[in-house]
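Noted in Swiss-Prot for the protein shown:
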{"type": "BINDING", "residues": "Ala10, Ala11, Gly12, Lys13, Gly14, Thr15, Arg127, Ala172", "note": "ATP binding site"}
{"type": "REGION", "residues": "30-59", "note": "region 'NMP'"}
{"type": "BINDING", "residues": "Thr31, Arg36, Glu57, Leu58, Val59, Gly85, Phe86, Pro87, Arg88, Gln92, Arg133, Arg144", "note": "AMP binding site"}
{"type": "REGION", "residues": "126-136", "note": "region 'LID'"}
Amino acid sequence: MNLILFGPPAAGKGTQAKRLVEQRGMVQLSTGDMLRAAIASGSELGQKVKGVLDRGELVTDEIVIALIEDRLPEAEAAGGAIFDGFPRTVPQAQALDAMLARRGQKIDSVLRLKVDEPALIERISKRFAEQGRPDDNPEVFVTRLAAYNAQTAPLLPYYREQGKLTELDGMASVETVAGSIDAALSVVA
């Protein structure tokens with residue numbers, strides 16, 4: 001099974017993906033984690049990515065798609081992938097569909113975690129205070145949220161038209177959201 005966890009920064013995608021990895025043995029393909037690993041490597045690509053993220057901008061499709069494609073064999077071996085933070089644009093979604101189709105696979109479900117903006121700001125402020133991630137500082141977060149809203153909004157109709165989109169209340173407790181995800185996936189499986 002291949003699924004996409006969709007939602008704004010701080011919606012809880014990473015938390016839920018980690019739970020699904022533990023319970024279902026799937027591989028989490030988090031573009032955020034992959035980009036942070038590239039930065040930590042100190043490579044030329046990592047330095048380029050750092051500059052983009054520090055400004056709160058989105059990394060180019062080419063870079064993100066290459067990172068994802070490199071990890072697909074691992075997901076296939078595990079029996080499925082959880083795409084966290086990808087795709088963010090319709091061209092990325094189309095590229096993902098094409099990548100999976102070449103492997104005889106598809107996206108089975110898209111789960112959107114809906115969270116109100118004030119709650120996102122509260123969550124990101126707490127995470128910034130606890131973890132100090134540069135892309136979580138309040139000024140950069142506002143830019144990230146605006147980019148998310150502007151660039152990812154067209155994905156909703158893209159997946160809704162395919163009958164793959166399920167919208168879930170991301171404002172609920174971690175456990176309640178987990179139950180909603182399990183219920184949504186039981187219909188697909």
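Cβ atoms here come from the backbone N, Cα and C positions, even for glycine.
Where Swiss-Prot records a feature, it is marked here on the structure.
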residue: Ala11; record: ATP binding site; contacts (Cβ under 8 Å, 6+ apart): Leu113, Lys114, Val115, Leu120, Gly170
residue: Gly12; record: ATP binding site; contacts (Cβ under 8 Å, 6+ apart): Leu113, Val115, Gly170, Val174, Val177
residue: Lys13; record: ATP binding site; contacts (Cβ under 8 Å, 6+ apart): Leu5, Phe6, Gly7, Asp84, Gly85, Leu113
residue: Gly14; record: ATP binding site; contacts (Cβ under 8 Å, 6+ apart): Ser30, Gly32, Asp84
residue: Thr15; record: ATP binding site; contacts (Cβ under 8 Å, 6+ apart): Val174
residue: Glu57; record: AMP binding site; contacts (Cβ under 8 Å, 6+ apart): Thr143, Ala147
residue: Phe86; record: AMP binding site; contacts (Cβ under 8 Å, 6+ apart): Ile4, Leu29, Thr31, Val64, Ile68, Gln92, Leu96
residue: Arg88; record: AMP binding site; contacts (Cβ under 8 Å, 6+ apart): Leu58, Val64, Tyr148, Gln151, Thr152, Leu155
residue: Arg133; record: AMP binding site; contacts (Cβ under 8 Å, 6+ apart): Arg127
residue: Ala172; record: ATP binding site; contacts (Cβ under 8 Å, 6+ apart): Ser180
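Under 8 Å from some Cβ of the region 'LID' (126-136) lie the Cβ atoms of residues 10, 53-54, 56, 144, all in the same chain and six or more residues away from its ends.
Taking the binding-site residues Ala10, Val59 in turn, the residue surrounded by the fewest other Cβ atoms inside 10 Å of its Cβ turns out to be Val59.
For the pair formed by Ala10 (ATP binding site) and Val59 (AMP binding site), distance between Cα atoms is given as 18 Å, rounded to the nearest Å. With the fewest other Cβ atoms inside 10 Å of its Cβ, the least crowded of the binding-site residues Thr31, Arg127 in this structure is Arg127.
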